[in-house]
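Shown next, in structure tokens, is the structure this report addresses.
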Amino acid sequence: MCLLSMRFTVAILLVLLSHCGGSHATSCTPGQPFPVPSYPESSLQETFEHIFETASGYFENESFQATNVAIEVTSSRETLWSFYHAAKNQSSQDGSTVIGKDTVFRVARVSKLLTAIAVLQLHDQGHVSSLYDPINDYIPDLEPSSVQWDRVTIWDLLNNVAGILDMCSYTLFDKRLNTNSDFTIDGYADIYMDFSARQKADLNLPPVSDAILEVMPACQVDKSIPCDSAGLLSWLRSSKAVFNPHQVNSNSNVGFSLLGILIERISGVKYEQFIHQTIIEPLQLNSTSFRPPHKDSGAVLQNDHTWSWDVGVNNPSVGLYSTPCDISTLLRWTLNKSPSSILNWFAPGFYAVGSHSLIGMPWNIFRTTTPLSIPNRPTTFNTVVGTLGPYTSVVVVMPEYDLAVSLMMNGALGHPHDILTNVTFPLIRAADKIALESVQDNYAGTYKAEPGQKINSSITLSVSSDHGLRISELISNGSSILPVMERLASSKSGGGANWIFQAVPTFLDSKHQGRRGDGVIVDEEWRWTYVLDKPPGEGWNDWCLSSFDPVTYAGEPLTKMVFHKDAKSGRVLSVALSGYNITLTKAVQEADSFAQGDALDLLAHAGQEVLAE
């Protein structure tokens with residue numbers, strides 16, 4: 001029996017809706033309209049066959065004859081798919097001529113992922129009091145300097161907004177190999193050191209004085225000398241700022257080298273040892289290290305001095321060696337567990353260049369509606385990408401879909417954009433289809449009050465590709481509620497009559513034992529919001545305000561829905577509407593013939609627990 005009156009008058013609804021945020025255009029539809037999907041065996045098989053065919057054709061191009069490639073796709077549970085391409089020109093190789101899951105690559109800036117994890121774990125454990133602490137609190141020997149180190153925070157370094165130089169002590173070009181080459185060197189840091197005499201002459205740069213050369217770190221001049229923290233800090237004390245701190249995103253490998261020094265100062269052990277003890281060993285990344293393995297196990301080009309180059313203090317930004325298998329293991333960990341119990345480390349921290357790019361710790365985040373071709377459904381790709389000499393590595397994490405991709409290449413690289421598009425876009429489309437089908441199978445349908453409740457109330461939920469789960473009909477005590485809400489919302493917004501009431505999961509789940517002890521119920525909380533069906537891209541229609549808790553009724557949130565699921569089977573049994581103080585049972589034919597008597601007994605207790613919250 002309902003404890004509170006279900007008779008909402010137009011006047012009451014008008015008062016409630018007057019407290020809501022402004023109208024939301026369709027382009028402001030909430031993201032992730034579904035729980036994190038799972039991928040039963042063979043569910044993505046057709047998609048992977050298509051991706052394999054595309055990738056095979058792409059790397060058959062003559063320009064990739066000396067290129068080795070490894071691509072893996074993983075969920076939080078297991079590796080789902082892999083693609084390996086060995087260089088057809090075997091004479092170009094000085095290492096393994098067979099590429100597989102255990103082939104070692106230099107993974108360049110993917111090293112930053114481990115550094116960021118380590119810093120966030122130290123913060124989580126209380127060894128770093130605040131991510132907004134100035135870095136010179138931990139590394140006072142950065143001063144004296146013209147850089148305002150007392151304004152550069154740990155957070156700035158993690159997000160690449162410290163405003164400091166990008167690279168120091170990088171000499172990626174070996175003059176012995178390219179004395180007459182054109183400008184084809186990837187990853188150079190200093191033209192004076194990295195370019196041949198001919199290349200420098202073509203740029204018509206002025207001569208460099210001996211006084212300037214004398215203050216440069218020895219490892220900047222001689223690649224065979226590993227750079228150390230003392231040399232880096234000395235160089236930074238004489239460096240100039242690129243921007244003021246926390247103003248502009250500009251990549252800084254030096255920033256992550258400083259984070260490596262921070263880890264050493266806090267832990268009392270070398271950076272490499274700390275990463276091995278806290279990340280590599282616990283995750284059993286058995287082929288991951290900061291030292292090159294024997295060439296026979298690696299993807300190594302002939303005359304490639306980058307393979308064995310000891311980058312020293314730059315290990316936290318570019319020094320790691322790893323395999324496709326180990327990186328997939330690391331990515332599974334990132335999907336399953338955050339290094340911080342406080343922060344959502346997938347969330348952006350600052351703007352980046354362009355309208356679709358953001359940055360995080362240490363992510364380059366790409367957010368676009370292109371994969372799904374639905375204007376109001378953006379996909380978010382959390383990436384780390386980098387090049388070191390002939391090596392390019394990319395990781396792409398899609399937490400909404402419980403998927404991650406790794407790409408490792410060496411040789412004639414080309415740009416990774418094309419292959420990333422050919423892998424991730426079909427993958428996202430297939431994963432989105434699986435996720436929405438799961439919502440359709442598990443949540444869509446009509447939920448009704450039981451005869452014993454003596455009230456004519458129900459809710460009908462449907463699924464669409466652009467809005468996910470939405471309320472199609474809401475009946476309270478015999479009255480249709482949605483038309484009233486639509487009219488009042490339209491009146492408040494000043495125009496527009498086509499309102500969509502969309503539900504999204506909050507991931508605030510709990511479990512309890514059924515009353516008779518014969519089943520465990522999962523209480524899965526969702527919230528719904530209202531979206532005005534206006535096209536995106538027109539004027540200010542893309543300006544979005546968000547609130548999933550805009551109104552309450554007698555202290556209960558009107559927009560809260562709690563689905564009750566049988567923990568063993570995963571079947572949705574009922575939904576509790578908190579504001580209406582009622583639990584509605586899923587129609588028997590839509591509940592997969594779950595034993596109705598047992599379900600109702602469990603649901604009665606579940607509803608009482610929800611109302612008691």
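A Cβ is built for glycine as well, from the same backbone N, Cα and C atoms used for every other residue.
Taken from Swiss-Prot, the feature signal peptide applies to 1-25, supported by sequence analysis.
Around Asn61 (N-linked glycosylation site), no same-chain residue six or more apart in sequence has its CB under 8 Å from its CB. Under the DSSP three-state reduction, Asn61 (N-linked glycosylation site) is assigned to coil, being neither helix nor strand. Per Swiss-Prot, N-linked glycosylation site is recorded for Asn61 (among others).
In sequence order, Gln65, Ala66 are the residues near Asn89 (N-linked glycosylation site), counting only same-chain partners six or more apart with C-beta under 8 A. Here Swiss-Prot flags Asn89 (among others) as N-linked glycosylation site, drawing on sequence analysis.
According to Swiss-Prot, the feature N-linked glycosylation site maps to Asn286 (among others), an assignment based on sequence analysis. In sequence order, Asp326 make up the list of same-chain residues 6 or more apart from Asn286 (N-linked glycosylation site) whose Cβ falls under 8 Å from its Cβ.
DSSP assigns Asn422 (N-linked glycosylation site) to a helix. Per Swiss-Prot, the feature N-linked glycosylation site maps to Asn422 (among others); the stated evidence is sequence analysis.
Within 10 Å of the Cβ of Asn456 (N-linked glycosylation site) there are 13 other Cβ atoms, across all protein chains. According to DSSP, Asn456 (N-linked glycosylation site) sits in a coil region rather than a helix or strand. Under the heading N-linked glycosylation site, Swiss-Prot lists Asn456 (among others), citing sequence analysis as support.
The N-linked glycosylation site annotation in Swiss-Prot covers Asn477 (among others).
Per Swiss-Prot, the feature N-linked glycosylation site maps to Asn581 (among others); the stated evidence is sequence analysis. Cβ neighbour count for Asn581 (N-linked glycosylation site): 19 (other Cβ atoms within 10 Å of its Cβ, all protein chains included). According to its DSSP assignment, Asn581 (N-linked glycosylation site) is coil.
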Nearest recorded site to Asn477 (N-linked glycosylation site) by CA-CA distance, among glycosylation sites Asn422, Asn456, Asn581: Asn456
Set of same-chain residues at least 6 away whose C-beta sits under 8 angstroms from Asn422 (N-linked glycosylation site): Ile51, Thr54, Ala55, Tyr58
Alpha-carbon distance [Asn581 (N-linked glycosylation site); Asn456 (N-linked glycosylation site)] in Å: 14
